[in-house]
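Participant: Sharing the features that Swiss-Prot gives for it:
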- 1-9: topological domain 'Mitochondrial intermembrane' (TOPO_DOM)
- 10-30: transmembrane segment (TRANSMEM)
- 11-98: repeat 'Solcar 1' (REPEAT)
- 31-72: topological domain 'Mitochondrial matrix' (TOPO_DOM)
- 73-93: transmembrane segment (TRANSMEM)
- 94-115: topological domain 'Mitochondrial intermembrane' (TOPO_DOM)
- 110-197: repeat 'Solcar 2' (REPEAT)
- 116-136: transmembrane segment (TRANSMEM)
- 137-168: topological domain 'Mitochondrial matrix' (TOPO_DOM)
- 169-190: transmembrane segment (TRANSMEM)
- 191-211: topological domain 'Mitochondrial intermembrane' (TOPO_DOM)
- 209-298: repeat 'Solcar 3' (REPEAT)
- 212-232: transmembrane segment (TRANSMEM)
- 233-272: topological domain 'Mitochondrial matrix' (TOPO_DOM)
- 273-292: transmembrane segment (TRANSMEM)
- 293-300: topological domain 'Mitochondrial intermembrane' (TOPO_DOM)
Amino acid sequence: MASNNKDSQLMIALKDIVAGSIGGVGQVFTGHPLDTIKVRLQTQSVGNPIYSGTMDCLKKTISQEGFAGLYKGVASPLVGLSIMNSVMFLAYGQSKTLIQKLSDNPNEALDLKGLTAAGALAGIAIGFVDAPVDLFKSQMQVQQGDKNQYKSTADCAKQIWKVGGVRGVFQGLGATLVRDIPANACYFGAYELCRDFLASKDNISVNQLSSLQIMAAGGAGGVSYWTLTYPADVVKSTMQTDAIVKSQRKYKNMIDCASKIYKQQGIAGFYKGFTPCFIRSVPANAACFVLYEKARQIMS
């Protein structure tokens with residue numbers, strides 16, 4: 001009996017890993033162009049900005065670099081987000097199981113508080129994968145024109161490791177965790193809440209939801225993720241596009257980074273690039289969740 005239970009838990013974990021990876025690929029291809037615009041707007045100079053807004057950044061990027069410019073740094077999240085989403089869905093599933101076992105009613109489904117707690121725990125695991133992936137991606141995305149320091153994502157990772165070692169690779173980890181822990185609590189909480197609402201409205205089980213309904217719930221999760229934690233993402237991106245060599249950095253740590261952003265730009269500085277990010281959050285996360293759920297159903 002114990003062996004069967006272990007086999008069942010292992011299969012659930014494997015499904016989360018495979019389905020999460022598939023969802024991650026869909027999320028990258030759908031959302032990366034707007035992510036590039038977001039990072040460029042977040043990290044451009046305050047005194048001499050290159051772009052006046054989202055559309056200006058889009059036009060100039062395509063004009064100067066072609067459509068390929070929108071996919072700069074895509075290799076890092078394509079590999080990294082596949083791994084990250086595998087970790088995310090696995091950690092979320094295992095966290096739900098753990099919280100359920102520790103609850104007063106282990107045989108009952110988790111309430112919203114339990115689901116958001118599971119999302120927060122998953123955010124801790126994700127942060128350690130997310131930090132280096134976002135670092136390589138962001139360093140690549142801010143390169144413009146032909147004057148590129150890095151030839152490829154692999155070259156970027158190699159140079160950062162050579163100059164900064166482990167600390168260099170995990171530059172911005174603190175800010176990543178500050179973002180990822182509450183963000184994933186909101187992300188999964190909103191997704192589960194919306195999914196349950198749509199199922200109860202039509203008097204069906206969540207497994208009977210249509211692809212469009214799953215996409216709607218995924219989009220709601222994405223909006224929740226970014227709306228509440230975007231300022232932390234600005235700090236993270238600013239730190240991760242700073243110099244890798246410690247003596248050349250503008251910011252000592254995330255507190256110093258946040259205080260300098262506020263001093264130079266006010267509250268508005270924490271919302272640079274929010275428009276493309278908000279637009280991206282719906283289709284990218286809709287694609288992620290529908291592919292995850294459908295892949296899981298096929299494997300079942």
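Note: Cβ is positioned from N, Cα and C throughout, glycine not excepted.
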Participant: In the same chain, which residue numbers or ranges, 6 or more beyond the ends of the transmembrane segment (10-30), come under 8 angstroms Cβ to Cβ?
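Facilitator: Distant Cβ neighbours of the transmembrane segment (10-30) are 74, 77-78, 81-90, 92-94, 283-285, 287-293, 295-296, 299-300.
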Participant: Could you tell me what the rest of the chain brings near the topological domain 'Mitochondrial intermembrane' (293-300), counting residues at least six beyond its ends with Cβ under 8 Å?
Facilitator: 15-16, 18-19, 22-23, 207, 209, 211, 214
Participant: Where else in the chain does the topological domain 'Mitochondrial intermembrane' (94-115) make close Cβ contacts, counting only residues six or more beyond its ends and a cut-off under 8 Å?
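Facilitator: Distant Cβ neighbours of the topological domain 'Mitochondrial intermembrane' (94-115) are 9, 13, 121-122, 188-189, 192-193.
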Participant: For the repeat 'Solcar 1' (11-98), what are the DSSP-based totals of helix, strand and coil residues?
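Facilitator: Residue counts for the repeat 'Solcar 1' (11-98) by secondary structure: 74 helix, 0 strand, 14 coil.
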Participant: Taking DSSP states H, G and I as helix and E and B as strand, how many residues of the repeat 'Solcar 2' (110-197) are helix, strand and coil?
Facilitator: 72 helix, 0 strand, 16 coil
Participant: What does the DSSP secondary structure composition of the repeat 'Solcar 3' (209-298) look like, as residue counts for helix, strand and coil?
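Facilitator: Helix (H, G, I), strand (E, B), coil: 75 helix, 0 strand, 15 coil.
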Participant: Using a Cβ cut-off under 8 Å, which residues of the same chain at least 6 positions beyond either end of the topological domain 'Mitochondrial matrix' (137-168) come close to it?
Facilitator: 35-36, 39-40, 43, 50, 64-65, 72-77, 80, 237, 240-241, 244-246
Participant: Can you give the mean pLDDT for the topological domain 'Mitochondrial matrix' (31-72), rounded to a whole number?
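Facilitator: So the average pLDDT across the topological domain 'Mitochondrial matrix' (31-72) works out to 90.
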Participant: So what's near the topological domain 'Mitochondrial matrix' (233-272) in sequence-distant terms, Cβ-Cβ under 8 Å and 6+ beyond its ends?
Facilitator: 38-39, 41-44, 46, 134-135, 138-139, 142, 159-160, 163-164, 167-168, 171-172, 174-176, 178-179, 226
